[in-house]
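Student: So TrEMBL lists the following for this protein:
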DOMAIN    49-200  domain 'Peptidase S54 rhomboid'
TRANSMEM  50-73  transmembrane segment
TRANSMEM  93-116  transmembrane segment
TRANSMEM  123-142  transmembrane segment
TRANSMEM  154-175  transmembrane segment
TRANSMEM  182-200  transmembrane segment
TRANSMEM  206-223  transmembrane segment
Amino acid sequence: MGKPLFYEILEKPATSCAIGICSAIWFYIQKSNIGYSHVGLSYETALEGHYWRIITSALSHISVLHLVFNMSALWSLGVVEQLGHLGLGVQYYLHYTLVLVVLSGMLVIGMYHILIQKFKLEYFRRVTAVGYSCVVFGWMTILSVKQPSSKLNLFGFLSLPISFAPFESLIFTSIIVPQASFIGHLSGIIVGYAVGWGLIHGMNNYWAVTMLGWTALVFVFSLKKSGTFDLNFLEIEPVTDPSLPSVRFFAAGTGRSLQMSTLPDAGADLV
């Protein structure tokens with residue numbers, strides 16, 4: 001007989017939070033009738049500076065089947081949080097989840113760019129990716145490198161050897177769910193191998209907080225620039241001398257505003 005769910009949640013706090021956040025966002029999307037085009041990531045929106053979509057696309061799911069599949073796999077992969085004796089654990093999980101979200105999203109756009117510019121596949125201009133699968137496939141891959149004897153349990157009855165799970169799942173989802181993003185899943189696998197093999201390493205609390213801070217800044221200012229939401233409390237203005245950047249807060253009416261100088265420019269798939 002397995003452990004009560006409450007104890008499993010305590011043993012997988014970060015995984016439980018991620019599942020809760022994704023589920024809450026899915027519920028909000030359904031209640032608000034938000035479409036994938038409003039939150040998803042595509043090549044065209046990236047060119048328009050909608051970098052905030054790297055985050056929103058990863059946390060958003062449109063269909064309940066898509067959500068259940070990803071969260072079921074993620075729950076099984078939460079075993080990473082219990083492997084502190086192998087150099088993994090909760091902190092490792094949090095640090096590299098951030099890495100997977102950001103880098104896999106950037107890699108998706110990079111792959112789209114190559115397919116469009118090099119191979120002239122204009123179809124990928126219109127592809128919009130949403131879902132947490134990049135992170136799920138990334139953790140599958142990391143666990144397959146760090147703990148190859150583990151099993152991946154899906155839906156409580158399907159068990160896959162973790163060493164083959166990334167590519168088995170890649171093929172399985174491509175067949176069962178034709179609109180699943182092969183490129184998005186592959187991006188997660190590539191970043192996962194880079195982490196598992198130590199090509200991306202050295203994340204600690206300092207670098208995680210630094211990366212999170214820069215991600216938050218890019219998120220907020222790209223959201224402001226895109227005009228998708230009204231962020232009147234933020235004001236971004238250039239100063240007379242662009243070689244002397246400055247950042248300062250000043251009172252404006254009843255709120256606070258951020259004034260920042262800028263330098264001149266140098267020149268739906270489901271995942």
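From the backbone N, Cα and C atoms, a Cβ is placed for every residue, glycine too.
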Student: With CB pairs under 8 Å as the measure, which of the listed stretches 154-175, 182-200, 206-223 comes out on top against the transmembrane segment (123-142)?
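Tutor: Maximum Cβ contact count belongs to 182-200.
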Student: For the domain 'Peptidase S54 rhomboid' (49-200), report the average pLDDT of the model, please.
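Tutor: Per the prediction, mean pLDDT sits at 92 for the domain 'Peptidase S54 rhomboid' (49-200).
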